[in-house]
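The structure under discussion appears below in the form of structure tokens.
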Amino acid sequence: MKPSLSSRVVLAILAWAAAFIMFFPILWMLVTAFKTEGQAIAIPPLLIFTPTLKSFFDATQNAGYLLFALNSVIVSVGSTVLAIAIAFPAAYALAFFPGKRTEFTLMWMLSTKMLPAVGVLMPIYLFLKNVHLLDTRLGLVGIDTLMNLPIVVWMLYSFFKDIPHEILEAARVDGVGPRQQMIHLLLPLAGPGVASTALLSVILAWNEAFWSINVTASHAGTLAAYIARFSAPEGLFWAKLSAASVLAVAPILVFGSLTQRRLVRGLTFGAVK
Amino acid sequence: MIQPTSGTITPGRSGATQRRQVRTLPLLLPAVILLLLWSILPLLQTILYSFQHYNLMEPPSAYNGGLNYTYLFTDSSTWTAIWNSVVLVAGTLVASIVFGTIIALLLNNDFPGRNIARLMAIAPFFVMSPVAALIWKNLLLDPVSGLAGWLMTLVGFKPIAWFSVYPMVSIVIIYSWRWIPFATLILLTALQSLDTDQLEAARMDGAKGLARLRYIVLPHLGRPISIVVMLESIFMLSAFAVIYTTTNGGPGHATTTLTYMIFIRALNDFSIGSASAAGVFAIVLANILAFFLIRAVSRTLQA
């Protein structure tokens, strides 16, 4: 006995309305990016106009923009590769050789994620300054790696837990060492899980704004810092700013959409699957 | 830091576990050492600074007892900042739980184009905060050329300069727009793991839609909702980028939260001692919340 057709139609319309309302600001940014500056601030708002790519050219012509885009790529990919490399063996040990301290270790790692960044802003800032890593990609890569490490360990751990122990057990009996097990068995078996973990790490590092704004300036800033900082002087150039913003969020929107369900594990530390 | 309440500690230590410990230690050590350095050292340093008169503009630093803390708690702007944090966290939480639940329930139904609608509803979560801030500040809420202002004049109202007249409301709107999708995503995932047999049985027994919602679906969402509440509280206590991009804590102190106050004291005033005292306070607050989150997660670990 299904609900009546009319109630299903109403619920479908409501669902679509909700989705459209949530998406609308992104859509409006996208539309504005294809306008000229004059069209962008026109009232009443223009719905029908000849789209132009001029704002995209203008936005990327700015040398700063390209550098910051490159920084975003380097920092998010670099920190992700590092975080996975450090977390993979740890998650392997935690998932397949649980000892009496396993739970404590996991919980403690989670607790480091709860430390409000602003509470340790000064020590980290002064440390980076003293070792001359302020406003460097390396400094930001380090911060993002450590920031995401607990989530990466947890998410990998959660995916490893789903793999039957017997497979690795059999390999162990045959004398396959931990390194071989990790590379030749675990990596392929947990492939999709590792890929979503890497994606979440890239997304979080790409969108990270607090550290990027506070420990970088003109050399190592990411797009998040670029857009946050240039909001004031370029505030009047809405089309250009929209184009820059579209380019900054587009890759993450695509990544996020590809893997949204699996991301939930990482975002909730395995509490919701 | 937080000591998790752990329930499954195996007594004694057999030879086998000892061998395991030896073998797994090198695998664990890099992650553990890095996280120890990352979490403990800066924390200790913040505590140390918090007992010093330390300003980057006027070195050297000197121990000044608990003076930073005395100033912190007697300064009325601290209490304003705490209140602003509470309003921001509570406002965003209420919006994201209420709308997140409704949207998740709507999207959980079967309807044409469901997958696309889901992607659209969840998309704002992936938009970085500075971009989210600028979309709302310029394109939507600007009193002269924003869409909201134009819509208001259409229905006969005067456009509102949102960020001067209702600054905190504006900030809450922007953060809610980013965090409603987070709640939707988590709750939708939880709904999809709901046992459909149970719902079918209830339907067979003649339970009406609302009754099924009330007695089966909503109780099932209880735990995921509590997880969303705790995670969002922790993230929102550290909310920074939207305020930085739109109001800069103003007008006056209207949108200066605890986090933003610490940022201004540290990197605008270079008053490290007083920023650190406030930082310690923020850490204590976050840890109280974290305690409950860790307890909830710990329970799932044992399940």
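Each Cβ is built from the backbone N, Cα and C atoms, and glycine gets one as well.
Unlike curated records, TrEMBL annotations are generated automatically.
According to TrEMBL:
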type	residues	note
TRANSMEM	B:27-51	transmembrane segment
TRANSMEM	B:81-107	transmembrane segment
DOMAIN	B:82-293	domain 'ABC transmembrane type-1'
TRANSMEM	B:119-139	transmembrane segment
TRANSMEM	B:159-177	transmembrane segment
TRANSMEM	B:221-244	transmembrane segment
TRANSMEM	B:270-294	transmembrane segment
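Taking residue pairs at least 6 apart in sequence, the transmembrane segment (B:270-294) and the transmembrane segment (B:81-107) share fewer than three C-beta contacts under 8 angstroms.
For the transmembrane segment (B:221-244), the list of distant contacts is 85, 88-89, 92-93, 96-97, 100-101, 128-130, 132-133, 171, 174-175, 179, 182-183, 186-187, 189-191, 255-260, 263, 282, 285-286, 289-290, 292-293, 296-297: same-chain residues at least six beyond its ends, Cβ to Cβ under 8 Å. Below 8 angstroms of C-beta separation, residues 103, 107, 145-147, 163, 170, 173-174, 177-182, 184-185, 240-242, 244-246 of the same chain, each at least six residues beyond the ends of the transmembrane segment (B:119-139), sit close to that stretch.
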